[in-house]
Amino acid sequence: MFAPRVAVLLVACVSLASAGTRQLSVDVQPPATLVTELQEYRLAEHITPVNYNITLRPYLLETDGNKRFTFDGEVFIEVISNQTTNDISLHSKNLTYSVREYWQKPTTGVANPTAIQFGATNTTNYDTDIVKLTASTALTANTAYILHFVYTGLMEDDMHGFYRSSYVDDNNVTKWLGSTQFQTHHARRAFPSFDEPQFKATFDVTLKRHRTFNSASNTCLISFESQHGRVRTSTTLLGIFTDVYKTTPKMSTYLLAFIISEFVARKDDDFGVYARPEYYTQTQYPYNVGIQILEEMGKYLDKDYYSMGNDKMDMAAIPDFSAGAMENWGLLTYRERSLLVDESATTLASRQAIAAVVAHEQAHMWFGDLVTCKWWSYTWLNEGFARYFQYFGTAMVEDKWELEKQFVVDQVQSVMAMDSTNATNPLSDENTYTPAHLSRMFNSISYNKGATFIRMIKHTMGEQQFQKALQEYLKKYEYESSLPEYLLGAWQANWPNSSYNASSEDIFKSFTEQVGYPLINVTVGNGQVSFTQKRFLLKENDGSDSSLKYFVPISYTTSEVNNFLNTTPKFILKPDVTTTVLFNETPKWILVNVQETGYYRATYSDANWHAIHQALITANWGGIHENNRAQIVDDLFNLARAGYVTYNLTLDVIEYLETETHYIPWTSAFNGFNYLTIRLGNDTSDFNYYIQTLTNKAYNQLGFGEASNDTALDIYLRTKILSWACRYGSTDCISQAKGYFQSLATVPKNIRSTVYCVGLREGGETEFQALYNKFKNETVATEETLLQNSFGCVKTQSLIEKVFDLIISDEIRRQDKSSVLSTLYTENNENVSPVFALVTQKYEALAEAMGGYSAVATVISNIAARFTTNQQLTDLENFNKANGTKFGSSQATLTAAEATVKENLQWATAKLGVFRSYLANYRSGSAMVNAFSALSLLMVALVTMLRN
């Protein structure tokens, strides 16, 4: 599944994590009650499902009367028990039953025996959704039985289970559809089921629909008939159609899917893309790239998709969709903006994000669908590989986007912040039971860290051996559930002894069973370099275990060798061991972690840092690879934030950025500056001068106009440079952006995020109305997203209130409300307090709009993370004291927000002054240089005049 992140503007789509993997939005659940033990959330394992035969009839039309937005269901579940038992436990939620019965499965050709009703002592645990049924006659061990249920269910609008969605067509008519989202635990809302990933079975699906709709499911349609008999064409105007689908491969319940809609499809015999009719023209690119990526993935893994038991692949764009996308086997579902491309309007960043999420979901066909994590404790076995191939699978087809470089800043560096605090969890987390636990496992640890760990192993064992190991892993465990040790075994079987196979299990376990990652301390001198480690933590005394150590594959290069192409580790650094490497002469500098292929940070003596700085300011940045330039910037910002090095050292080294013109290092820089500018609050005048000076070369080189020879990374860097230059006061940038805004219809698509934002930030009601009108008439999903995420750039109180009211209205879909709201307090520091006031004044209306108090608690926490004054802390404390109990279990989020604000204020007191002083000195130093230069020119002119 692909999990969306909150975007600031659509430029954030450059980070494929946003394109990326279907990370679940966190749905905070009540904690387990005292009467529900954690183990009770898991089903007993003595009964195994073999096949589900499901028939569903949804009601979506106004003429359906009181049945509208409900569905009728019937399911026959074939099961086998490994012991004689009267107890059957399965999942069910919000289903109302009229029939619950069972019988022993007869042999072929024998009529079904008389059904047996389940006993009267059936119970339901509403915490766990587990229904315990008592069989009147015991089920005999190793014998097939049929469980039969007839029931009704609800098609709600919360984007879970079998739910309803809608859109408005070109004739201004609201069209309703039914779609599904079952991961992780919502199949039970569509049919009673053994709703855990380890309980794999086959599925036979029959869908009944009104003639105005069509249907889709995981597999090919094998027959359809009306209530008046079988039909061969879709021209029949009467009755209800019954669509029967081919049996699925053996798979988990969460991968089943179906859609009832008026969608149209661009398709051939094997592959199709579904969307609302008005968006048909936007399906061409995903159709093309989807076919190509699926083929290339099959070649790489030596297992063609169509050989795995499903002879078709469809992708569908759903108007309302909680995740970024979902890997239902043979019927991938996406948000519209995550799938559809308009050649004239969709930015390159969005196009890349769409290709990436297609690759992510298709990678799941092998990692997740064919071979599935046994339980959500090991979500990374699914999501880590999907996130990995999100980049490296896309690169098999789109080879000019330099995705292997983007991976470093999008994935490796982005997850390190979370994994260096007490808020993290291990990749393999046995403490996973409740729905809240399940939601937690769909975080950046499973996705980003999982993919980063997989990439580190590839560079340690070698690409060819890595590829062969994956092929063998998939072949051995196809159609089965997997555990981390199964993957380790496949890797070890192909791991060369020359690449530290003896340490393979230690490497694996230290990074998957422990939280965090190491900081490698490198000491240079007297012809030798010594390496030690400790866990890297952003904060002291936050409850994290600082004693953790790891088995770390260490790669490095030096000033003398200067080889940034060889990423093979030189040795494995073991816990509590100092490793010393001898050199013929002491290198001028050493850089550890070549191309940042390992999951760790590195620090050095001040002398080595300054030597690196001197190399960076020579021609071609001293030959240092751009991934490592990004690593230097990212490591220094975080080392300084945590107190391992001084900010003076950090800022001294990164002054080299005045010459930097590449996207990867600048992305690390902007990520680092983002934390500092938040802490500065509204006082950014000195920073304005600093960032304009630092970006001056890149700004002048790139400008607003796109060149024919621009690479993808040039285009992405232009977007970032313009955004920062305009936001922090560049008069030229603001002037040009405002000029483009005057003609909204002709703004070049790849600079629209900056132009739209500047137009609103520097404008007023007229500019907002112009952009709002464009939004209301927009028919391209990616452009609609860009427009609504620009609304937050407004600065006046009246417009802030207008955008907030828009967010709590139905004009912004529920799935988009959090991202639009986030721009309202992230695009302008001055908006933090006004938006906090609105959220806390209207929190009940916001909870209704966003689907619950947990979502509002998250919003308040995110706003509070940007507080910079004691008064803001007091306002938060007062709100929590007065209203905290109304948030239920999410009150803990509000309490944690107070602690975060206090930590940030303490950090600012201790360290922000150094940054402010540096900025002031930088500005005055530049002013003195400029004054000296002017005086020198004047003296030269005067001397020349006197000589004449």
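Using the three backbone atoms N, Cα and C, a Cβ is placed for every residue, glycine included.
For GLU361, the entry in TrEMBL reads active site, proton acceptor. Taken from TrEMBL, the feature Zn(2+) binding site covers HIS360, HIS364, GLU383. Here TrEMBL flags 49-255 as domain 'Aminopeptidase N-like N-terminal'. Per TrEMBL, domain 'Peptidase M1 membrane alanine aminopeptidase' is recorded for 285-492. The annotation domain 'ERAP1-like C-terminal' is assigned in TrEMBL to 589-898. Annotation comment: TrEMBL describes 1-19 as signal peptide. Sequence annotations record features per position, and here TrEMBL assigns site 'Transition state stabilizer' to TYR447. Per TrEMBL, the feature transmembrane segment maps to 927-946.
Looking at TYR447 (site 'Transition state stabilizer') and GLU383 (Zn(2+) binding site), their Cα atoms lie 5 Å from each other. All protein chains shown were included, and the count of other CB atoms within 10 Å of the CB of TYR447 (site 'Transition state stabilizer') stands at 31. Taking the Cβ of the residue listed as 'active site, proton acceptor' as centre and 10 Å as the limit, one finds 32 other Cβ atoms among all the protein chains shown.
Between the candidate binding-site residues, HIS360, HIS364, the densest Cβ environment within 10 Å is the one around HIS360.
Of all Cβ atoms in the protein chains displayed, 36 besides its own lie within 10 Å of the Cβ of GLU383 (Zn(2+) binding site). For the domain 'Aminopeptidase N-like N-terminal' (49-255), the mean pLDDT of the prediction comes to 93.
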